[in-house]
Every structure is written in C-alpha cells, then in structure tokens.
Amino acid sequence: MLIASALVGIYFAYKSRKNSENVTDFLMAGRSMHCFPTSLSIMCTALSAITILGTPAEFYNYGGMYIWSIAGYFMAISFSSEVFIPVFYNLGINTAYEYLELRFCRKVRKATTIMFMVANVISTGVVIYAPATAISAVTGMSLDLAILTSGLVCIFYTTLGGMKAVVWTDVVQSLWMLSGLLAVVILNHLKIGYGKVFEMAKLTGRTEFFRSSWDPTVRDTLQAYLIGKFFGVEGYAFGCSQNFVQRFLSCRSLGHAKAAGYMAIGWLSIILMPCLFTGYTLVYYYEKCDPAAAGFLDSTDQLMPFLTNFIFVEYPGLSAIYISGAFAGSLSSVSSFISSMANVIMTDVIGQRALKLGKVKQVLLAKSLTILTGFVCIGFAYLSTLLKGGVIEVVLSIGGIIAGPIYAIFMMGVFFPLIEEISAFIGLLSGVAVCTWCYIGRNIYATPTEIVENSFRIAVNTDGCTFENGTSFPIEPVDPEFVENSLILSFYHISYHYIGTLGFTVTVVVSFLTALIVMGKREFHYNRKQRDGKLHCFILSDLAQKCGYKPADFWYNSSWDDEIHEKIIDEQKKEALTTEF
C-alpha cells in the first residue's frame, strides 16, 4: 500500500514533466478533476485512521447512535454544495479564507488563517501518531518507525505529484480501507454469523438507534448528531475548511464539484456500515473480557487491531489487510492536510508576493512549503508521544473550538450584509473564547466516570480475564459534595457534539449585537463589500420573495449590482502588494 501510494506520486511527477506545470496545477490539480475521484478523496479526508480504528470502538462502547453521523454528513455536505461551493467556485479563489478578505477585511482573513494552521498542524500530528500507536501495540513495529514511515511517504507523493497525486492516491487508499473492513466483516460472518453477533449486541443494549433529548449534556442523541454536527465540526469542515474546499475547487466545473459532494455522502455511508458490524463483532469476542478495561491495551482504539490478530490467526497475512487499511486512512488524511496547508501558506500568507516569482519558482516554493509543513507535522507527531490520552483529547478538541465560530463567520458573510468587518472580527474572537473557556472548564471540573450517566457508555466485563498476581481494579467512591456541585457546573458538561454549536451561536449573537451598536453610532449604509453580488448567496432572500414576503434589510437582495466586484478585487490586490501579512 505504501509502495502503491509512492508510485502514484512518481507517475504524476513524470507526467507533469511533459507538460509545463504551474502552481495552479500543483495546488489545485489545474481545476480539472472529475467528480468521481474527488468524491473518494473527500471521503478519505473525512475518515482518517482514527475513524477506522475508533468508530468500531464507538459502536462497541456507546451503541448504535453513531450511525446518525450519516445524517449529519448529508446535511453538512448538501448545504455546502448548494451555498458555499457555488460562491467560492464562481469567485475563482484558491482558498476559502480569500473569501473573508473579499467580504470583510484582511484582519478577519488573518485570524481564521492562523486558527486553521494551528489546529491543522496539531490535528495532523495526532492523526499520524494515534494509528501508529495502535499498530505498534499489536504488530510490534517500532512506534518511531511507524510515525516516520507514514509521514515520509505522504510528503514524498504529495510533493512529487501535487494535488492530482493526492486525489488519485486517495482513490487507491479508499479501496484499501474498505478492503480491510470488509475482510473482517466477511470472515466473521463465515466463522460465527452475524445473527449471533446482533443477538449479543441486543442483549447488551447496543442496538438502540434512536435517542431523543434536548439536554445538551447528553452525549449521543438525535439532536446532537443533526444540530450539533451541522452547526459545528461537520458544517465547518465541508463548507469552510480548506482541507475539503480545496477538493471541491479542484473540480473541472461547478457541476462536478456539487456531484463530488453528493457522491461523497454515499461513500461515507458505505464505510460506516462495516464499522457498525465490526463494532458489534467486538461485543461478541469481548463479552467476558474487555482487554482495554483489563489494562492489556492503552485505549479502546486498539481493540479492533488487537482482535484481528486473533481472528485472522488461521489466515496469515489477512490481518495485514486491516492494519494497512488503517495506515491508508492515516496517509489519506495527512496528505490532504499537508497539501491544504501548503496552499494556505502560499495564498493567504505569502499572497501577492508569490506572484512576482516566475512560474518555475512558484512551483518550487509550493513544493518546499509542502515538505516544510510535512516535517512540522511529523515533529508534532513525535511530540505527541510525550502526551497521555487525556491531553491528546485536548489537542483534538481544538478543531471543535474553532469550527463553530469560523463557520458562523462564513454563514453570516454569505447571507447577512448587515455584518461588516468589525462585528465579524469581534464575534469570531468571542466565539473562540467561549468555546475555549467551556473546554477548559470541562477538564478542570471533569465528572468522575462513575456518575456520568448522560454519556450512556455501556458497561463492559472483565470477569473472564486472567490477571497475573491477582491484579484487581478498585472503584473509588464518589464524593457526594462533587455530585452536588456538578449540577451547578453543568455548563462544563456539555456534550462534545455541541461545543462547535456553542461557538457558532455566540459568534452570531455577538456579531449582530456589535453590528447594531455600530449602526446606532453612525449613519448606516452598505459598503461595496456588503453589496458585491458575487460574495453572497440568494437562497433565503429569493425563497422569501417567492413565498410573497419582502426580504428584510439584513438579507441579501439578488437585484443588487455585482459589477463592482472587479473593482474591489483590484483595490485589494494593490493593498496586498504594499501591506505585510
């Protein structure tokens, strides 16, 4: 699988030598990609190795509610395909954050770019590290070697072949990921049959597929997967994150970009179903002894790789299919993240200064940035080896902290001209601050596992485990005073699904209040950026007019003049040439 990925990079590097490659070819695949490979690339970017290893464990620990993630994907991708992607594609921009300068100002673009880069570097390091840990634990491979191998291979084919290599390698890796999951599903069906597996899952309470509650502290509910994901991480990821926007914008037409999004929903659904089956397989094999709870494994993410060594013992080599599938998930996500970060640095940080370079130097600079960001991510992966599980959870949460606020800024940008640069900037910082405060509070005032009823974590059994030297696992008593205080501090116990939604809500409220204050202090009028017809979406206002309602002043009007767009572009290019980032 590693060799196949490297060969794809070599092929596109050789192919680009025949044609004169420019920076658009390298970073955006020349805007010529077909919807089919792009859709698979979107799916691979969304499902990292953490998903391949962790999703079966999610079904094992919390039951079937995670299947509602498919609905969250559908809502987020559909909305993005009809609202954000047409705006971005018609503008001809390379990154999502270019839009924020066109719509608001450079300050907002700078802030979101920095947030994206910090969160992406940390997330990429963990995406490299987490599967390497699980694979090392069950195969005996050196952890350092696992980290270095996956990182270097990603850098190799991403640097050689550019965006085309990333997309087509994702196609190969997606097949590998699916093969690994299907190998487990098919073999278990032949050995024990899924009738017994689902019967065991039902007896242990893992077949609950519908749980409704408006309580934001409940971990897995229908509302959490629909509202929480749409206004949080998933909405941001598919609509505003450069990791995904870059794939949409690399398509040969807007129609192909939209089709890629809708096809990706199908691929995501196909991948999640085997994860459900493999998760329930864990229930059957670990009914009497959970190796993670017994202390044999460091985390539940290692349950599935650990099991493959057991169930594939009669079929040498088959366990490697699943392990390589997990590696494929890591490679696909890491290469996508590295490519998008190189694009963001090239476009949003260096910007107009890069245009002064010749075509060859621009490509060389882009490849150098790819290598640099790749090694930075590998460095953070090694740094992650010093961290414990709880701290890894902290760094992964950074994505959720920035997702809601940034998503809100884009949402207000395309729909509400009332929001200008001052209100957008203040709202963005406020949303990030509140999300950070909430998450820090969650860790300081963390509820003991024994009294966390809202997580609906299903009890596991260690009675059948054989421990050396009579090892036991005492349960500490719960402090009654803490139970009383936990009711007061329930704000800090908000479900992780809603952290992004919290940031989204705070950003919208603060931005509108600030805009109203600004309106009250001076005579209000829409500036050029607020009236530029290419910077907004008319779905809401046009729908209101069709229904016989006159759109409110804070909604866009599709009759507005969009001829001033080019003037704004020219003015901002001149400003960028004289202003340092």
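Keep in mind that glycine also has a Cβ here, set from the backbone N, Cα and C atoms.
Outside the transmembrane segment (35-54) by six or more residues, the chain places 73, 126-127, 130-131, 134, 166-168, 170-171, 173-174, 177, 180-181, 237-238, 243-244, 247-248, 250-251, 255-257, 259-264, 266-268, 271, 275, 300-302, 304-305, 325-330, 332-333, 336 with a CB less than 8 A from a CB of the stretch. Taken from TrEMBL, the feature transmembrane segment applies to 35-54 (among others).
Annotated transmembrane segment per TrEMBL: 66-93 (among others), in sequence order.
Residues or ranges marked as transmembrane segment in TrEMBL: 114-139 (among others). Taking Cβ pairs closer than 8 Å, the transmembrane segment (114-139) reaches residues 48-50, 52-53, 97, 146-147, 150-151, 241-243, 297-299, 301-302, 305-306, 308-309, 323, 326-327, 329-330, 333-334, 337-338, 340-341, 344-345, 373, 376-385, 392, 395-396, 398-399, 401-402, 406, 432 in its own chain, all 6 or more past its ends.
Annotated transmembrane segment per TrEMBL: 145-163 (among others), in sequence order.
Residues or ranges marked as transmembrane segment by TrEMBL: 264-286 (among others).
Beyond the ends of the transmembrane segment (363-383), by six or more residues, the same chain brings 21-23, 26-27, 121-122, 124-126, 128-129, 132, 144, 147-148, 151-152, 154-155, 158-159, 162, 334, 337-339, 341-343, 345-346, 350, 354, 357 to within a C-beta distance below 8 angstroms of the stretch. Here TrEMBL flags 363-383 (among others) as transmembrane segment.
Only residues 6 or more beyond the boundaries of the transmembrane segment (395-418), in the same chain, are considered here, and those with a CB under 8 A from a CB of the stretch are 83-84, 87, 96, 99-100, 103-104, 108, 112, 115-116, 118-119, 122-123, 125-126, 231-233, 235-237, 239-241, 384, 387, 424, 427-428, 430-432, 435-436, 439, 496, 499-508, 511-512, 515, 519, 526, 530-531, 535-537, 540, 553-556. Feature annotation from TrEMBL assigns transmembrane segment to 395-418 (among others).
What TrEMBL records for 425-445 (among others) is transmembrane segment.
Per TrEMBL, the feature transmembrane segment maps to 496-519 (among others).
Beyond its flanks by at least six residues, the transmembrane segment (425-445) meets 104-105, 107-108, 111-112, 115, 390, 394, 397, 400-402, 404-406, 408-409, 412, 419, 485-486, 489, 491-494, 499-500, 502-504, 506-512, 514 of its own chain at Cβ-Cβ distances under 8 Å. Counting only same-chain residues 6+ beyond the ends of the transmembrane segment (66-93), those with a CB under 8 A from a CB of the stretch are 46, 55, 58-59, 99, 102, 209, 220, 222, 225-226, 228-230, 234-235, 237-240, 244-245, 248-249, 251, 254, 257-258, 261-262, 264-265, 268-269, 272, 276, 410, 414, 534-537, 539.
Outside the transmembrane segment (264-286), and at least 6 residues removed from its termini, the chain residues within Cβ reach (under 8 Å) are 39-40, 42-43, 46-47, 51-52, 55-60, 64, 66-67, 69-70, 73-74, 77-78, 174, 177-178, 181-182, 184-185, 188, 192, 194, 196-198, 200-201, 204, 206, 303-304, 307, 310-311, 460-461.
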